[in-house]
Amino acid sequence: MQGITTKNLGKTQKEEDIVDQPNVQLQVDHNDQSWLVVWSNLERGGVFVFVQEITVAQENARRSSHVEKMEALGRISSGVAHEFNNMLGIIVANLDMAGQEGIDVDEARIFVTSATRAADRAASIVGQLKRMSKASDQAKDLVNLSQWAHIIRPMLSAAIGPQVDLNIECQEDLFITVDETFLDTAIVNLCKNASEAMGNHGRIDIRISPAREISLSQHPYLPNAEYCEISVSDKGPGIPEGISRKIFEPFFTGKPLTTGTGLGLSSVYSFVTAANGAVHLEDVRTGGAKFVLLFRKSSPPVPNAVTKGLAAPPLISLDGSRILLVEDELELASSYRHALENKGATVIVKSSIIEANEFLENDPNISLAIVDKTLPDGSGLDLASKIRFDIPKCKVILMSGNLTGHEEELVDVNMVLDKPFRLSVLASACAKLSSS
């Protein structure tokens, strides 16, 4: 016998004790991998024992659970890949537009900004899956929806394709407080779904306005306040009534398994509710689908008479800094090096732990080390620890795209940067440590 599990075993020494004891269940796992469940019914004057062989049921339950977990994992993987491909498509399309001959600088800057926002969204996808149900982990950005609509238009156009007309209406300056990256993600998801529903032809309308009474009536539980409304509508086939109540459930999809991920609408729902808002599918009599997102209205920012007109923050300078950069991705290393050298630093680039150690043995005169966590010949954590031990005055920045959140506890580093990050963030981090 490999093991016995028991439930609710009671005392059996005396008959009067037995009367008040609950039933007893034994689950026995034999060496031959068969399972038995033994029930005993303790009554005054006797014991009744029942035995049931449950090997087949136990195995079927185990396999069913495994299959469900694998299906869920597959959908998550498919969803992440789908989202990344969307973002890569937006980035490539906008950079292609920015690089066209004859385009003026201001127009090119719009396309580059859109590509940058898409890159920020790509960086947030994994974090979104981890945090979609945690309101406290979302940023709190004061978003001017009129300005936001203007900025996000190129990203949406790239996402839905050139054969879909995009109309965005925003009648007045409305402000909401949400995580702007999550807002981008939600609207791109809805527009992408609408485009696919119409066969990548047709028209998508986005309307931003104070919330209508008919929209608020769908959510009587919302606290009494002023709300803004963002609606996304299309002229596609619509959503069948039989599945309309399930569309916000995790992993539910009405698309074929090869195209549907079941993550888009559930992530929209999670984001909106985490922002203390609401979302619903509006009944459209004329056909198509219309999703309505409600957010609590925020007050516009009040200009600060004291600080208004002050000079811009001083430019970052790394003059005199000698920095060791250990990064095995050569294109990343080149970008980091140029950004830091433009601020006045001297940057020595190495691509492995061996190269870094050989350099430091001959020339330990560095003020700052930037070390990637994962290197081809070992862990950057070990290298960071060695640098801190051998050169106590040297500050260390650890960077990685796969941080656990406990790196600063595991090794004595001064700062941790989560990839991908803006070059300005890297320069600011270096300047902060160099001046401390």
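Quick reminder: no glycine exception, Cβ is built from N, Cα and C everywhere.
Here is what TrEMBL says about this protein:
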- 79-299: domain 'Histidine kinase' (DOMAIN)
- 322-434: domain 'Response regulatory' (DOMAIN)
- Asp372: 4-aspartylphosphate (MOD_RES)
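Classification of Asp372 (4-aspartylphosphate) by DSSP places it within a strand.
In terms of DSSP secondary structure, the domain 'Response regulatory' (322-434) contains 49 helix, 29 strand, 35 coil. Sequence-distant neighbours of Asp372 (4-aspartylphosphate) (same chain, 6+ residues apart, CB-CB distance under 8 A): Val326, Glu327, Asp328, Glu329, Gly380, Leu398, Met399, Ser400.
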